[in-house]
Amino acid sequence: MMNEMVKIISWKPVSCLSFPFCHSLFFPVGVVVVLVVVVVVVVVVVIVVVIVVVAVVATTVSTVFISSISSSSSRNSSSNSISSIAVVGVVVEKAVVIEVIVAVVLRIVAVVVVVAVVVVVVVVVVVVVVKAVIIVVIVAVVLRIVAVVVVVVVVVVVVVVKAVIIVVIVAVVLRIVAVVVVVVVVVVVVVVVVVVVVVVVVVADLRVSAEFIGVSNVCVL
């Protein structure tokens, strides 16, 4: 059970372990303000308790002292007036001391409250400024990453488009070359056939002519 509690207390997010502004990011302003206010309230309560205790102790001491003086004065009636004057002096002295203590403590409380308010304001401003700076830095980094990604995507698209265009051009050129080759082959075959036919016809005509001339010569003889 203790190990689980220690794990829960010491747990931090993964990103918090590697990020330098972890406490500024994951420690909200409201928690800081509440903690400072709680500390101020505790300090003020402690000071007030101290004032009350000092006043009670002083009053008790004064009462005991006055009671002792009164009892001693009742035993000695000749010094009754002197005892009354002493009692009044002691009471006045204790009242002045208590008033001075209360005034000093109230001033201390006022100073503590003012310092606490200043600390709260400074902490809030610092946390807000740090968070704003961190947000600006994160936004700048994200924008740079997005710009790099966009540039890479554009370059890849351009390269792919160029490759596709080159492939299409090569394919068209190859088809044109194939058509030209086929046409040339067909023309060559036709020309060869025509030449062969012409040669065969001419040779046949010459043979017929030669035979006719030979027959004519025989008839003349």
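Note that Cβ sites are derived from N, Cα and C of the backbone, with glycine treated the same way.
In TrEMBL this protein carries:
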- 21-41: transmembrane segment (TRANSMEM)
- 47-69: transmembrane segment (TRANSMEM)
- 81-102: transmembrane segment (TRANSMEM)
- 108-138: transmembrane segment (TRANSMEM)
- 118-221: domain 'ABC transmembrane type-1' (DOMAIN)
- 145-170: transmembrane segment (TRANSMEM)
- 176-204: transmembrane segment (TRANSMEM)
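Not one residue of the same chain 6+ positions outside the transmembrane segment (145-170) places its C-beta atom under 8 angstroms from a C-beta of that stretch. With helix defined as DSSP H, G or I and strand as E or B, the domain 'ABC transmembrane type-1' (118-221) counts 103 helix, 0 strand, 1 coil.
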